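The domain 'SH3 1' annotation in Swiss-Prot covers 181-248, and the record cites sequence analysis as its basis. The feature domain 'Fibronectin type-III 1' is assigned by Swiss-Prot to 311-404, with sequence analysis given as support. Here Swiss-Prot flags 407-489 as domain 'Fibronectin type-III 2'. Annotation source Swiss-Prot lists domain 'Fibronectin type-III 3' at 503-604. Summarising the annotation, Swiss-Prot assigns compositional bias 'Pro residues' to 599-615. For 620-635, 730-743, 754-765, the entry in Swiss-Prot reads compositional bias 'Basic and acidic residues'. Annotated compositional bias 'Low complexity' per Swiss-Prot: 660-670, in sequence order. Annotation source Swiss-Prot lists phosphoserine at S720, S728, S852, S859. The compositional bias 'Acidic residues' feature in Swiss-Prot is assigned to 771-781. The feature domain 'SH3 2' is assigned by Swiss-Prot to 868-936, with sequence analysis given as support. Here Swiss-Prot flags 972-1039 as domain 'SH3 3', drawing on sequence analysis. Here Swiss-Prot flags 1060-1072 as compositional bias 'Basic residues'.
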Amino acid sequence: MREAAERRQQLELEHEQALAFLNAKQQEIQLLQQAQVEAKKEHEGAVQLLESKVRELEEKCRVQSEQFNLLSRDLEKFRQHTGSIDLLGSSSVALLDVPLAPGKPFPQYMNGLATSIHKGHEGPTGHYSVIGDYIPLSGDKLESPCVKPSFLLRSSSPRCRFESEMDNDRNSNNSKQSSSGKVHLCVARYSYNPFDGPNENPEAELPLTAGKYLYVYGDMDEDGFYEGELLDGQRGLVPSNFVDFIQDNESRLAGTLGSEQDQNFLNHSGISLERDSILHLHSPTQVDSGITDNGGGTLDVNIDDIGEDTVPYPRKITLIKQLAKSVIVGWEPPAVPPGWGTVSSYNVLVDKETRMSLALGRRTKALIEKLNTAACTYRISVQCVTSRGNSDELQCTLLVGKDVVVAPSQLRVDNITQISAQLSWLPTNSNYSHIIFLNEEELDIVKAARYKYQFFNLRPNMAYKVKVLAQPHQMPWQLPLEQREKKEACVEFSTLPAGPPAPPQDVTVHAGATAASVQVSWKPPALTPTGLSNGANVTGYGVYAKGQRVAEVIAPTADGTAVELIRLRSLEAKAVSVRTLSVQGESMDSALAAIPPDLLVPPAPHPRTAPPPKPLASDMDTKDQHLGPHVKVDESWEQSRSPGPAHGHMLEPPDMHSAGPGRRSPSPSRILPQPQGAPVSTTVAKAMAREAAQRVAESNRLEKRSLFLEQSSAGQYTNSDEEDGYASPEVKRRGTSVDDFLKGSELGKQPHCCHGDEYHTESSRGSDLSDIMEEDEEELYSEMQLEDGGRRRPSGTSHNALKILGNSTLMGRADRMEHVSRRYSHSGGGSHRHRPAMAPSIDEYTGRDHLSPDFYDESETDPGAEELPARIFVALFDYDPLTMSPNPDAAEEELPFKEGQIIKVYGDKDADGFYRGETCARLGLIPCNMVSEIHADDEEMMDQLLRQGFLPLNTPVEKIERSRRSGRGHSVPTRRMVALYDYDPRESSPNVDVEAELPFCTGDIITVFGEIDEDGFYYGELNGQKGLVPSNFLEEVPDDVEVHLSDAPPHYSHDPPMRSKAKRKKSVHFTP
């Protein structure tokens, strides 16, 4: 029982202990439950707090999206207001038709835009390589891409800006852009750390990273800074020459990749525009598809780096495992823009041979077998197969096997010009970026998956060494150490020597500032910052019409100049071209620009102020004073490009290269053309006989001429109030050109002057002007006619006339060019006393100290002279009243004119020696000693001369006379001749006035008048048209053909000795 009681007590004690332990456990459980509840509450509170923060962030995101959309709408409105932006460079054009996929949101485009533009690097010698940094998205002028701007200084007084000329142009464009809106989106052109700059408060400026976007507000301040804001909200000052404005969403950037299929020579991402927009690049050569941009070698390819015409390519190819007989490679899918197209599969290639094709969606890995990596090297490539073609295999490639190194292989330089070249290579791994060195100086970095590079702004005829250094994205541990260390490859090349510059573009012709000129405009060719085009130093531009330079401007950047209409009309030019002038020569002609027809029509002449003329008895006798209807001007008065022979008579064609362009051919002025085809022996024999006969005739004429001059020099002059009179038989003289006449009369030689008591002066209006002597000049357009008697001079002063002795036809043809060259020289030695009106002295313009009158016409005064109609004069010299006239009112009262210009004159000259004349629809005064009269007795002849506008001074007088005689009813022998060859003067004639010659075909029968002239030409008629025909193209009609020939020798009727003739008048200013 005792044991049972002890047992029971023990059990109760254990029970109590168990209850106590249980209570303790229960309390512990309660504490744990309470802690759990508290932890749950705390968790719920934290979750609620996080949820509220998330809601706040979402709200901020929504607000920012709305702000961004608002800015996008503002940009769109701005684009609509300003219109499409014309980004025309000054030369070659790169057309980018690579728009983004339709429907792609602009914010999505902006998210990746920052990766597509990067900083450029300056070349070793001031030359800059790629045009990718050269994307001016605003303004009209483009400048060199790679010149890094100098810092802008902000100071209280004075404010200084040190910018290059290029950046000044850009900033001026930027200021125009910034003034048209409140907020503008910009992209940083260069990286900028304010603390490295020269300004005292760098904390007020924003740090910039090349290619990143930012906003600017308002206008640029006077120091050249904008107030800007980065995309992260940071605000501050932004230097204007470190940013580029983004015009609108048309200027979207998209990557364009180098591919052999589309000949894309560029090595970086490019700009993509919508399909209706074109980007014009300012570069010496045309680039096909994009603008290069310098990247840093990242492996991440943004969707926006894929252009519309670029096939997306696989990315990040990796060598997973390399075995003795096989390799395993992997890659990532391509970045395909929405709506671009579909990618159906991948092709895996080994040395350009397709080994397998994997469907899209399967694992992007491939096991390539049947390789011998221990003994051979293989190029593994992966390309995408899409609905728009396959991607470029070199954009996803790597080398495996034996002797693989990091350095690229097969460096090549192609498309070498004077200032550009294209570099290409094969990368060891498409994930590698590459650093380009030019002449041992780092030039640029080419991003991954690019293997081509374009050099620009190189120097002509210079040797370059290019080094390409590969930069692996990660260390290729699978390669041995010595193969890993081989990272660079080199190539050398030389640019071409400087060649002729490029011609201007877009040549146009429109009305000029005055009625007497037209404005020719063009777009200059692309010039480097140093003013080179194709390596040639551009100096200016020349305007050409029918191969002759009619205007010139010396300015490399000129885009237009004025051209005198008189020159164009005298050449009968319908179009003009422009050439670029340089030290190395002229460029090719630009595209022809048509001259508007309304500008070429001469203005209608003013109504005549003189009363109708009275009929004169001698009117019918002055027909011989007319210019022939076939004598026209086909070249400029200023220069003639037709060369001529050095001797007087020749039937064989002269050497066409004996005289350079721009020279007037010595007399005779007409050159016999060369017939094309087999010569006819009889024709040659007859031509030689005619030439011999001409020499004999010429010798006789010279003897008679010499005899006449001796007789005339021995004659006595009339004194008192009578004009000079001559008595001599008629002498048939050889044809002398108008230029020879002028040379023999006023300019040809130093005259024999009478000084002292032998010379008496006459005054005009009491002025002390050097006397204007007035005599009748023997008319050289007709046979020399000596007449007795004369008329009384209006002045009572008597004087002795001065004459030049010698044969004007023989007076130094060799020095004729010298005469032409010095005709425009100005001595500047004479002093003038300004009077109300003065006639300029000839000696001012010819560089001679003394000049006397030479030949004067002998004519009679008609009582009705004041009622004569308007007369036609030809200018003997160039005359510009502004620079050559001593009169103070010259600019308003006197008319300018050019040598050889036809001038319409009303009435007689006044007491001061001035005519009242009209040129270019303008009335004014004409100095009488600068012009010479040409008589035209009928309206048709006068109208023809006025329409012609110019009379070439090398027009042979005998041919003018012959043309005149052809219209008179004199008895002239005629013959019929057959043409042996086809002849078109405009194509075959070496002469200037091709309109004076007749075209004909083989077998045509031509009626010729008179004998052959000293130049080897007949005057003939064909199909009602009259003109000159070359004798060596003709043969007389055989005897068995019926022809009517005159047996009488050719002759011309002469006027009776005492017949009154209307003479040319000319006043010469004489300085004793």
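Using the three backbone atoms N, Cα and C, a Cβ is placed for every residue, glycine included.
Averaged across the domain 'SH3 3' (972-1039), pLDDT in this predicted model comes to 85. Note on the domain 'Fibronectin type-III 3' (503-604): DSSP counts are 11 helix, 49 strand, 42 coil. The helix, strand and coil residue counts that DSSP assigns across the domain 'SH3 2' (868-936) are 11 helix, 30 strand, 28 coil. Sorting the domain 'SH3 1' (181-248) by DSSP state (H, G, I as helix; E, B as strand; all else coil) yields 9 helix, 28 strand, 31 coil. Across the domain 'Fibronectin type-III 1' (311-404), DSSP helix (H, G, I), strand (E, B) and coil residues number 3 helix, 50 strand, 41 coil.
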